[in-house]
């Protein structure tokens, strides 16, 4: 998120790295770690495009607004299944190319395939019989959904082995490990900013004029162009890293039993011995993600639909309004990423001043709740302005600034959400008798399961209240407020 998958790879990282530290004679030079970490920029570029542009694209293809969240189920499902599985098998990979490089290369190639399917879904669908004037382009939707799921699986195939490769290169050196992961986070921020900047540029398709076709309008052509840049960046940094950095072939030791316990078997076993502090952490984390997930999926759609008053299924003027809002929303996400990066650098100092991690988490959840609730005010102001100035009127500078301010402010609680829960899980694990990897694995379930619940639940809620994004944001605000209270009162 950006991002959503950065959290889902924690489980695989701990497990993969721990079994490979002895395979290298010593830590590798920092320049090699930076080369591997740079792959994160390519990965996150694609994730930024997913979060900012793909939900509106789904609706342009004709998927009803209330059902589009089901397509996003791939994120939590693949985070729950793919990353741990990839970690499990990469630990045991005996390829002459090394443990991690085969999975990283496979993930990059799958991303390329997925990008072609997603970007050309409308064209493929049209060539297979979809009518341009029909609101639902079923063949294009099927092709898009296939490409979308492949993209999520591919990104998950990349994330875990990349972080595990950094652990291998650090070879047990704690300082090098922290430095390598810091660079990985840095390149994630770089990818986010690049992705959101590309998504906010409305004339990108002019660089690739062939992207605009009879079945693919300007918005669709811009999406294609963004993904072409994304896959180019990813392939370049991946090829450089895999060529430059050696990944030694692994052979199991003769005296090793090479245990076959499934990864999830170990995670579920941790529930039997889990103590109260960990349960409280899981509750706060789950509530936190119930709050976050609707906004992370529908933030740019909210900007295009509620703030700008556009409609992805309306006439050309309404579509133009909607597209303008989407691109301003992408700018908001770029501001969000910048704030997130800045705040992340100061979390430790802020935590000390405010009185500890749980107080900091509780405080920023209040910010999250207020910001989500304020989307209602911004929406009502935009609707009032359109009633006075006309339905095609653009939002005033004040309304637009208010919406962008919410995007930026939400970078503060997002930075805490990406760090504090995992730090608390590590602290709790040291006194509970559970290993850090198991604790983080259980915490990961408290992230992806709420995402699935939200994916199934927000559609009916929206339909019950007449459609739009505000009902899900209000539910998120309530969940954030409850999460704040629980964090202040029951966290250790």
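Cβ atoms here come from the backbone N, Cα and C positions, even for glycine.
Marked as phosphoserine by Swiss-Prot: 17. Per Swiss-Prot, the feature topological domain 'Cytoplasmic' maps to 1-33, 90-101, 161-181, 246-277, 346-359, 425-444; the stated evidence is sequence analysis. Per Swiss-Prot, topological domain 'Extracellular' is recorded for 55-68, 123-139, 203-224, 299-324, 381-403, 466-469, and the stated evidence type is sequence analysis. Taken from Swiss-Prot, the feature transmembrane segment covers 34-54, 69-89, 102-122, 140-160, 182-202, 225-245, 278-298, 325-345, 360-380, 404-424, 445-465, 470-490.
Secondary structure of the topological domain 'Extracellular' (299-324) per DSSP (helix as H, G, I; strand as E, B; remaining residues coil): 18 helix, 0 strand, 8 coil. Sequence-distant contacts of the topological domain 'Extracellular' (299-324), counting only residues of its own chain at least 6 positions beyond either end whose CB sits under 8 Å from a CB of the stretch, comprise 51-53, 55-56, 59-60, 62, 65, 135, 199, 202, 217-219, 330, 332-333, 375, 378-379, 382-383, 386, 391-395, 399-400, 403, 407, 468-470, 473. Tallying C-beta pairs under 8 angstroms between the transmembrane segment (325-345) and each of 34-54, 140-160, 225-245, 404-424, 470-490 places 404-424 first. Through the fold, the topological domain 'Extracellular' (123-139) approaches residues 61-63, 117, 213-216, 313 of its own chain, all at least 6 residues removed from its boundaries and within a Cβ separation under 8 Å. Within the chain carrying the transmembrane segment (470-490), a Cβ under 8 angstroms from the stretch's Cβ atoms is held by residues 280, 283-284, 287-288, 290-295, 298, 302, 306, 358-359, 361-363, 365-366, 368-370, 372-373, 375-376, 379, 413, 454, 458, 461-462, 464, all 6 or more beyond its ends. Listed by sequence, the residues of this chain that lie at least six past the ends of the topological domain 'Cytoplasmic' (346-359) yet keep a Cβ under 8 A from its Cβ atoms are 415-416, 419-420, 423-424, 487-488, 491-492. Under 8 Å from some Cβ of the transmembrane segment (404-424) lie the Cβ atoms of residues 6-7, 10, 281, 284-285, 288-289, 292, 295, 299, 328-329, 331-333, 335-344, 347, 351, 357-358, 360-361, 364-365, 367-368, 371, 374-375, 378, 440, 443, 480, 491-492, all in the same chain and six or more residues away from its ends.
At the 8 Å Cβ cutoff, the transmembrane segment (34-54) and the transmembrane segment (225-245) share at least 3 close pairs (sequence separation 6 or more) and count as touching. Within its own chain, the transmembrane segment (360-380) has Cβ neighbours under 8 Å at 284, 288, 291-292, 295, 302, 306-307, 347, 350-351, 354, 399, 402-403, 406, 409-410, 412-413, 416-417, 420-421, 469-470, 473-474, 476-478, 480-481, 483-485, 487-488, 491, counting only residues six or more beyond its boundaries.
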